[in-house]
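A.B. asks: Dumping the structure here so I can ask a few things about it.
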Amino acid sequence: MKEAEIRRLLAANLLCVFSVILTAVLPAFFWDGFTVLGTHLAWLCICSVCVSTFNVILHLVLKPNLSPKRSSFAHKISRFLKCCIYFFMSCILFHAIIVLYGAPLIESVTETFLFAVLLSTFTTLQCLCTLGPNIQAWIRVFSKNGATSIWESSLQITTMCSIFGAWFGAFPIPLDWDRPWQVWPISCSLGATFGYVAGLIIAPLWIHWNWKQLTYKSR
């Protein structure tokens with residue numbers, strides 16, 4: 001059971017990695033001059049939409065944390081609307097945090113907001129797909145030993161990797177190298193993306209190697 005579930009998680013995560021790679025490669029076949037750096041704002045939109053779509057579809061197919069209770073259609077609609085509100089609030093919150101960390105307040109508003117949307121896609125959307133619009137569950141998962149499944153452990157790892165990747169991506173911006181990828185927010189969004197991809201690959205491997213130490217294996 002353990003090996004089968006980890007293989008299931010690995011397959012899902014590799015599909016998510018594949019979706020990120022597609023966003024960098026596929027548009028170039030239909031859009032002359034498309035590059036991740038040269039048309040970065042367009043790539044941010046494409047990446048956010050594609051990764052979101054892939055994650056929602058995978059969640060609907062795999063149902064990693066499916067509740068045994070059957071919910072009514074009205075409850076599903078209410079849950080969907082809550083998820084949309086939470087996601088939008090996450091974008092606004094990330095935008096505010098990014099500005100507080102030094103991003104331009106007035107200039108580059110579009111760039112900053114699209115970067116916030118990308119971060120929300122890599123973090124908040126994962127929480128919504130796995131845990132739903134349940135803040136108590138989010139707090140539980142991100143507390144010490146709070147994960148109750150390998151999917152929640154993977155959520156912890158990918159979320160933290162995405163945020164740390166974005167943070168590390170900010171370091172080259174003030175350097176006087178005059179590289180095109182130092183333009184705001186290219187290095188941060190690439191850092192977040194690389195962090196997200198790294199988290200997706202690391203998570204199932206870490207869970208496999210540390211299975212004996214995981215507290216939820218006997219729950």
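For all residues, glycine too, the Cβ spot is worked out from N, Cα and C.
Heads up, here are the entries from TrEMBL:
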TRANSMEM  9-29  transmembrane segment
TRANSMEM  41-62  transmembrane segment
TRANSMEM  83-106  transmembrane segment
TRANSMEM  112-132  transmembrane segment
TRANSMEM  153-171  transmembrane segment
TRANSMEM  183-209  transmembrane segment
A.B. asks: Using a Cβ cut-off of under 8 Å, list the residues of the same chain at least 6 residues beyond the transmembrane segment (112-132) that approach it.
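C.D. replies: Same-chain contacts beyond the ends: 41, 44-45, 47-48, 51-52, 55-56, 58-59, 64-65, 79, 83, 86-87, 90-92, 94-95, 98-99, 103-104, 138, 141, 151-152, 155, 158-159, 162-163, 166, 184-185, 188-189, 192-193, 195-196.
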A.B. asks: I'm a bit unsure how to read this: which one of 9-29, 41-62, 183-209 has the highest number of Cβ pairs shorter than 8 Å with the transmembrane segment (153-171)?
C.D. replies: 183-209
A.B. asks: Which sequence positions outside the transmembrane segment (9-29), separated from its termini by at least 6 residues, show Cβ-Cβ distances below 8 Å to it?
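C.D. replies: Sequence-distant neighbours of the transmembrane segment (9-29): 35-36, 42-43, 46-47, 50-51, 53-55, 58, 62, 64, 150-151, 154, 158, 193, 196-197, 200-201, 203-204, 207.
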A.B. asks: Taking a Cβ cut-off under 8 Å, which residues six or more beyond the ends of the transmembrane segment (41-62) line up next to it in the same chain?
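C.D. replies: Same-chain contacts beyond the ends: 8, 12, 15-16, 19-20, 22-24, 27, 31, 34-35, 110-111, 114-115, 117-118, 121-122, 125-126, 129-130, 189, 193.
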